[in-house]
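Participant: Mind looking over this structure? Questions follow.
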Amino acid sequence: MLTRCAGLQRAVPSLLRSIHCPPAAAAYRGPSVRRYAVITNVATPEAPQKPKKDDSQQHASFASSAGAAAGVGVPYTQLSVGVPRETFENERRVALTPQGVAALRKAGFKSVVVESGAGALANFSDEEYTSAGATIGTTSDAFGQDIVLKIRPPDAAKEVSLFKEGGRLVSFIYPAQNKELVEQLQQKKMTVLGMDCIPRTISRAQTFDALSSMANIAGYRAVVEAAQHFGRFFTGQITAAGRVPPAKVLIIGGGVAGLAAVGTAKNMGAIVRVFDTRAAVAEQVRARLRLRLRLCVLYVAKSLGAEFLTAAFCMHQGRAAGGAGNLPAPRRAGRLVAAGPMALFREQAGEVDIIITTALIPGKRAPLLITRDMVESMKPGSVTVDLAAEQGGNIETTVAGQVAKHGGVTCIGYTDMPSRLPAQSSTLFSNNISKFLLSMGPFTGHKETFLVDHKDDAVRGALVLEGGELRWPAPPLAAPAAPPPRKEEAKGKKELTPEEIYADTLRSALTTTLGLSCIVGLGAVSPSSAFSSMMTKFGLASICGYQTVWGVTPALHSPLMSVTNAISGLTAVGGMVLAGGGLVPNTPAQTLAAGAMLASAVNIGGGFNHPQRMLDMFKRPDDPPEYNQLYAIPGAAMLAIYAAGHFTGHPEMESLSYLGSGGLCIAAIACLSNQKTARLGNALGLLGVGTGLAATLGAVSTTSGDPAVLAQILGSLGLGGAVGAAIAKKMAITDLPQMDPNSVIAGMPVLEVWKSKQVIVMKRSMGVGYAGADNPVFYKPNTSMLLGDAKDMCDKLKTRIFEMLHI
């Protein structure tokens, strides 16, 4: 459901926040960019950890937890939440902001204890927490609560001992890397949920996706850090002092962080180049280069103004796993032939000013993409930013946690990019973790109750420990159930007995008998031969029209309606027959006749012009050429033969010309039933209408013989046709799915909601819409995504509006 906001532009953002909808920018960057990250499978900073599949202990837990029943829930009123200060080096974030505290308190939690100074580095004072309903306490107080919320995994040496026995922890955990930590938490009989383990393919889990939130900030901050250490403008300028060229930025990896970096660098005026690889992505890119509806990384990168780089490479048989980590590197040469992409990186290193890398392999060392010699080939003053520095780095000269100089190149290896925007990253993480916490129980029907319910896929995926028992890794998500077979298919085709076949045939024969009897019986009541003739034509026309239109696919209904409207312009024939009075009509009947010709000509002029433009949009660069203009030859031949017969005194030429014209119009509608012949149908329709009008003009000239009347007819038709063509030319043809020949909604009319200043899309999930069609409106910068039942959300909006207006 799409809502266009006009008078409530200021009120809507606050209303959306009040019902847990992310603001426009967050909603746009969240669902759309995350969706592309899922499609391209590109890893991003702080990526979820994937276990080794040969670990017997993990598989044992797999089996033991697969059918575990949900535990007993605990009411919010009996639970307290603790928020300790992060002690990791250079960590400035806090797990819960004052707004998050207020949300938990409003939901009914008994208390929220925040360690004194926990939010100070993120500019959240103790007073703000107190005002939001929190209690300020010591480190022990925060760790001693029923549920502890953190960002970084707890310190195994200093913090694990502070947890209460059987407590609960929600935080980034990375269980594949922190096995010792998991074992210590097991000994405390704790229930642990990893924010990094939440399945990112579940629609509703997009709201809890802290990985994407932090990766988005890391990509943005990477560009800011590069700009700080870069000695020139990002944007190009022409000043009195001389010309300043724009900076050139290469971003390797098209995940969330990479795309955030693309948008930031482009907005700062730089020339941006993006590289992403894997056979699947490369094939998607090649396929979508031929479409106007571009998807995946290529769509987003180009829509942000970036140039997408490609390189030829070979892949070992089979599909590589992982994301940007499959970029070729010397240590991975067994999987990929590295000459193509590595040669491209080497070439680009000498051209660009800034290189930003975002490639990670979950649970493994980051792949080496930029070697030392590539860095040495960069221009003096260049900058590299390695977002994988904490996992070993994509750039050989990176020093984790530091800014190093290698020759004249500045190499940034900060491992705390999200923490360098502490207020923003804390706010987003607080939204993620608080909404996740408040969904545990209510989502499966247990209102105002904290419950680790295995029926909730998001909770089960995040569950690392439950009461000290290992629950990680989670079982694979169940595949969607196949639709039940149709009753006809399930039962199979029933074999008819001879008696049933006889009865069916008899019913059909009797129906035919009744119809033919009625048709023939009309002859007994026919008042004249003219009535019988018109009834014959009407019947044949109805049958032909029904049969031709019935076969047109829904995707071509828009061009069909336009062409049939144009063909209906043959009503101009009636006006031509009734025309009279000279250059200007004299009687009311003649005036109406001239108006009919004018209006019908508008239909004709616009009705053939606009569908031709629509159908031309369906043409792809690799489609074979068409030569429909050659059909002007039979049209010219028909008119020449008619003219010869007309001027030699053969009056029956008009009737047979009408037959030819009608046949062309029927053929035009029939051709519109198929994409391949639709443009031919438009040409045949124009030919049929043209020849019909020409034959009528010849007949009128014979009966009237007044050149002034003929001039009136030609003037009315010409003026109307010009007006119709002008109107059709001004009508915009969009490049959304309805104009994509491969889309199931091709040719269908749509509401152009993207022209609004703000668009709110209400959906129950981030899945595709009608008939599996992707909707580019979701990815427009003026679009916000409001996940939830449309009726329920509208009712909440209505209630909030009435409250604000005191109605």
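Note: Cβ is positioned from N, Cα and C throughout, glycine not excepted.
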Participant: Which one of these stretches, 268-285, 286-303, 304-321, 592-609, shows up in TrEMBL as transmembrane segment?
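Facilitator: That would be 592-609, the stretch labelled transmembrane segment in TrEMBL.
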Participant: In TrEMBL, which of 64-83, 564-583, 684-703 is tagged transmembrane segment?
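Facilitator: Feature transmembrane segment in TrEMBL: residues 684-703.
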Participant: Given the ranges 390-410, 474-494, which one is assigned the annotation region 'Disordered' in TrEMBL?
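Facilitator: Among 390-410, 474-494, the range TrEMBL annotates as region 'Disordered' is 474-494.
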Participant: With Cβ distances under 8 Å as the criterion, find the stretch in 592-609, 655-672, 684-703, 709-728 that has the most pairs with the transmembrane segment (630-649).
Facilitator: 684-703
Participant: Express the predicted model's confidence over the domain 'Alanine dehydrogenase/pyridine nucleotide transhydrogenase N-terminal' (82-218) as a mean pLDDT, rounded to an integer.
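Facilitator: Within the domain 'Alanine dehydrogenase/pyridine nucleotide transhydrogenase N-terminal' (82-218), the model's average pLDDT equals 92.
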